[in-house]
Amino acid sequence: MTSATGAHPTPAYLAATGERKTPSRATPAEAFAAARHRFLHGERLDMGELATELRVSRTTLYRWTGDRDRLLADVVWFELHRLVENAIAAAPGSGLPRLRQGIEWFLDATAQAAPLRALLATEGERAVRMLTAPNGPIRPRLVGLLTDAIEQEVTEGNYRPPAPPATLADGIVALGERYLHNGGDPTLNPDPATAHTVIALLLREEGISG
């Protein structure tokens, strides 16, 4: 089909009549997926490269995702959130045994997470701050998620915590930071086994010695 005004229709006319497909525009979800792909493959996140890949301006990309630090933190949290939820959901039983098993599985998965190790190696102190800052983009959310898991066992009558759930969750995260991230020192390997031992002592129910 041609336009009434000539044999050479405009791009707008062709797009409107379906005779030319307009390239689909990238979406915020695709921006997040592309950033996540880079993280999972141990690649450094470059906002300019990401905007070019998506064929959008940097202004549009920043409007969708926030700045680089925000996008990177959201991607990391997306993965950590999945690890926690999967570990707790898969842990058998109830109460203290379930909490211990779920937390140990989460620590083990985090220690073995190659993308996280690559992030710490390439970003250094910046990554450590992102992961461990008390009011940063990761730590408060992780503490909140663990608090919810502990409170659920308490509410269901399966666990008698030795301290408020939020206090226990904060302690678990602090110990995880100590034994998994080692302050960002690349010469030290994650030590989840020691974290298991210390966290088990932290979670012990009152009046129970083992």
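Placement of Cβ uses the backbone N, Cα and C atoms for every residue, glycine included.
Automatic, uncurated: that is what TrEMBL annotation is.
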If TrEMBL is the reference, give me the range from 1-24, 49-72 marked as region 'Disordered'. 1-24
Whole-number mean of pLDDT values that fall within the domain 'QsdR TetR regulatory C-terminal' (95-204): 94
